[in-house]
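> The structure is given below, and queries will be raised subsequently.
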Amino acid sequence: MLEAAPLLFTPKCHPTASLHPSTILLNRTKSPFRPSFSCSPPSKKFKIHAAKQQQADELEPQNDNKPDDRNELLTEKAGREEVDFGWLSAFPHVLTASMSNFLFGYHIGVMNGPIVSIAKELGFEGNSFLEGLVVSIFIGGAFIGSISCGSLVDKLGCRRTFQLDTVPLILGAIISAQAHSLDEILLGRFLVGIGIGVNTVLVPIYISEVAPTKYRGSLGTFSQIGTCLGIIASLCLAIPSENDPHWWRIMLYIASIPGFLLALGMQFAVDSPRWLCKAGRIDDAKEVISNIWGPSQVDKAIEEFQSVIRNDGADLDSSWLELLQEPHSRVALIGGALFILQQFAGINGVLYFSSLTFRDVGITSSAIASLYVGLTNFAGALCASYLMDKQGRQVLLIASYLGMAVSMFVITGAISFPIDAEISSNLSILGTIMYIFTFAIGAGPVTGLIIPELSSSRTRGKILGFSFSVHWVFNFLVGLFFLEMVEKFGVAPVYAGFGGISLLAAAFAYYFIVETKGRSLEEIEMSLNSNYQGRNK
């Protein structure tokens, strides 16, 4: 999920952003009139293989009378090089779900500039508490949305939950855009927060359950990429607000458009084959698997799904009390700890001070500084997409936190040691860019991806809901007390503390995170559950 937290206004902290990031799908009824996403390759120049099947060294000519095993691994031989298109069948569904993260990023940035105009027009200009409340109430709504999402997705499935969740997103944006009082803007922001809270949980669940195993990591980073693009879009659209005091209303109206597109797109997207199987809709599950993973994967996947269901129980809804039992309690604790470490590693604080750091080197526009930050985040997310299924989650997470620690110590040294002012400013810029980039390649996307991978099919929604609720709580606390800590101890000691916690997070990832690259969700669940009935069968 960028996996970072939202722009945050509190009575003691100006807007900060932490890029993070989730999905929703609907129950699907079979109908000859309902289109679905699919990608059918040409039949002669391409050969499709199963996701886990090794690619052949030489591509044999295809028989026109033999149908392609479509939608799995698509390869085109060009000399010794192969272009792998195995992810293509799942891509439209993942892209649709990632629109939720675009909304998340957009709402992170939408208040960054216009809050002054909003406060002036609605009559609370100069009141830092109310300005902070307009933004921080978003987090309150997100907490409620995240904690309630687990039960919704268990009962309705991702696809229907996505569509249901567009209601608060659209209404919240429109109410905010039409607000003529403080109460109305607060209500709109609260509704948007609920929608975003649900989405942050849904997107990782949906992508992890729909994506082919081989590409689950790379496709999982699209939530982070979507968040980055949303932030960049909101920053670009905010430029006219410097000259037009009413432009903020247009920006909030625009925020409702992706909600409509998401609701429409989910009508054509597939539901999770794992949820369909658990709901007893075996034929629908087989159809989805055939379309996005390939026909050769159907029997094996259904056998794995049903084996897990026999062990976990066939009822759709799980109980929150099950999170107190092993192995669910261990995964829930790991998920909560990862988000606590992520927030205490200082992403919100670094983003808050980034505009001041850029100002020291002559970049006085906060919008331009934020754009640099957004582009750095985006570049890191693209690198994560390339590396996730090559290097693995654990390696990226450890490397990310080590890079963040080094970056913090570079900034601390630039501030603390008596060196030339220009060199100090340049080192601070370098450390800030390094920190944001290394966050975006690991600590951001991996945190939201690894938790659903480690969770069991039965409790995945509840564990994600709990973990993201912890995220929102500590996001708020860090934003609330960050400036007070800086005023009391100074920037250098606080940044050194961020570096120390980043080292602690790297050690935590080394000792407690299990590598999930290249393993199906069922394989991971079997390996973590010592009581699994079918492991040795």
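Cβ coordinates come from backbone N, Cα and C, glycine included.
Curation plays no part in TrEMBL annotations; they are all automatic predictions.
Because the structure is a prediction, the values reported are computed rather than measured.
For reference, TrEMBL lists these features for the protein:
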{"type": "DOMAIN", "residues": "93-517", "note": "domain 'Major facilitator superfamily (MFS) profile'"}
{"type": "REGION", "residues": "50-71", "note": "region 'Disordered'"}
{"type": "TRANSMEM", "residues": "129-150", "note": "transmembrane segment"}
{"type": "TRANSMEM", "residues": "186-207", "note": "transmembrane segment"}
{"type": "TRANSMEM", "residues": "219-240", "note": "transmembrane segment"}
{"type": "TRANSMEM", "residues": "246-270", "note": "transmembrane segment"}
{"type": "TRANSMEM", "residues": "366-388", "note": "transmembrane segment"}
{"type": "TRANSMEM", "residues": "395-417", "note": "transmembrane segment"}
{"type": "TRANSMEM", "residues": "429-451", "note": "transmembrane segment"}
{"type": "TRANSMEM", "residues": "463-483", "note": "transmembrane segment"}
{"type": "TRANSMEM", "residues": "495-514", "note": "transmembrane segment"}
> Counting only residues 6 or more past its boundaries, what in the same chain has a CB within less than 8 Å of a CB in the transmembrane segment (495-514)?
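Distant Cβ neighbours of the transmembrane segment (495-514) are 334, 337-338, 341-342, 344-346, 349-350, 393-394, 397-398, 401-402, 404-409, 411-412, 415, 443, 450, 454, 524, 527-528.
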> In this predicted model, what is the average pLDDT of the domain 'Major facilitator superfamily (MFS) profile' (93-517)?
90
> With contact taken as 3 or more Cβ pairs under 8 angstroms (pairs 6 or more apart in sequence), are the transmembrane segment (129-150) and the transmembrane segment (463-483) in contact?
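Yes, these stretches are in contact.
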> Let me spell it out: take the transmembrane segment (366-388), skip the flanking residues so only those 6+ beyond its ends count, and list any with a Cβ under 8 Å from a Cβ in it.
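Tertiary neighbours of the transmembrane segment (366-388) are 2, 4, 17, 19, 109, 112-113, 217-218, 220-222, 224-225, 228-229, 231-232, 235-236, 238-239, 242, 351, 354-355, 358-359, 396, 433, 436-442, 444-446, 449, 517.
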